[in-house]
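Read the structure below first, then the notes.
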Amino acid sequence: MRKFLLKPKKSLGQNFILSNEIIKRIVALAGSLKDFNVIEIGPGYGALTREILAYNPKFLLSIEKDSSLVKHHEQLLNEHQGKYRIIEADALNVVEKELVECPVKVIANLPYNISVALFLKWLNNIKFFTNLTLMFQKEVAERITAEPNSKDYGSLSVLSQLLCDIKKEFDIEPKEFFPRPKVYSSVITVKPLPTPRFAVNLETLTKLTRAVFAQRRKMLRNSLQSITSDVSTTLENAKLSGDERPESLTIEQFCLLANNIIMR
C-alpha cells in the first residue's frame, strides 16, 4: 500500500484492510461466485477486489466515490476485461438493477459514514440480492443482529430481521486497518428471505419503529401518541396493554402493531 502513498479520506469513512487473511475470510463467506454478478462498495486500492476476482465471478462491479482511487484499478481492468468494471459514484445514489443483472451478491467493507443508510437502501430492494457479506462498525453490526430486550435492539434490528436471515460472523480489531479506527469492526452475512417473516407495510413499520424507539424508555401508550390519535384502539387491536416498552416487543408484535395503527 505504501507504493500508492495512501492518504485515506476521513470524510469518506475510508479504512483499508491490511490483512490478506481477513480479506480471504470475508470473500469465502460469500460462497461460490462463479455464476454470480458481484457488487463491491469502496474498493479502495483493490485488495478485496483482487480476492473477489480470484473466485472467478461472472462479473464484478466496484463502486468508488473517491476519484483518486479509481485510477489505481487500471491493471485489474486490463487483466479482467469484460468481467470487471469500476465506476466513480456515490453508492447511495446508484440504482443497482440498472447496472447488473440477477443473480447478485454483495461483498463490501462499507464506509463507516454511509453504512447504515446504504444497508437500509438495500433492504428496500432486498429481493434483488442473493446474499450480502458486509463489514460494519461492530456497534452497527450489533444493532442489526440484536434480539428483543437488549440495549442494541431497535428499528434497524426489526427491519433487518423481518426481511433476512442474518449472522454475525467475526470481529476485526482496529490494528488490522489503516488508518487505525477507534472501534472494532464486524463482518455479517445477510441472506434475504423469499418473503418477509410477517405480512406488513414496510413504510408504516419503519415510521412506527423509528418513532417508538426514539422514546425507548417510555411505555407504548405514551410513545405511540406521537404517531396516532387513537392509541387505545391501536393497542387493543394489536393485543398489547400499553405498559410494554419498545425493546420488549418481538418482530411479530411490531408487525401486528403496524397493521393496526392509524397514522396521524
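Cβ coordinates come from backbone N, Cα and C, glycine included.
Quick look at what Swiss-Prot annotates:
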type    : residues                      : note
BINDING : N15, I17, G42, E64, D90, N109 : S-adenosyl-L-methionine binding site
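Everything Swiss-Prot records as a feature, shown here on the structure.
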residue : record                               : contacts (Cβ under 8 Å, 6+ apart)
I17     : S-adenosyl-L-methionine binding site : I23, A47, L48, N109, I172, E176, F177
E64     : S-adenosyl-L-methionine binding site : G42, P43, G44, V70, H73, I86, I87, E88, A89
D90     : S-adenosyl-L-methionine binding site : K65
Other C-beta atoms that fall within 10 angstroms of the C-beta of N15 (S-adenosyl-L-methionine binding site): 24
Cβ neighbour count within 10 Å of N109 (S-adenosyl-L-methionine binding site): 28
Pairwise C-alpha maximum, in angstrom, for the residues (N15, I17, G42, E64, D90, N109) that bind S-adenosyl-L-methionine according to the record: 21
Cβ neighbours of G42 (S-adenosyl-L-methionine binding site) where a neighbour is any other Cβ within 10 Å: 25
Structural state of E64 (S-adenosyl-L-methionine binding site), classified by DSSP into three states: strand
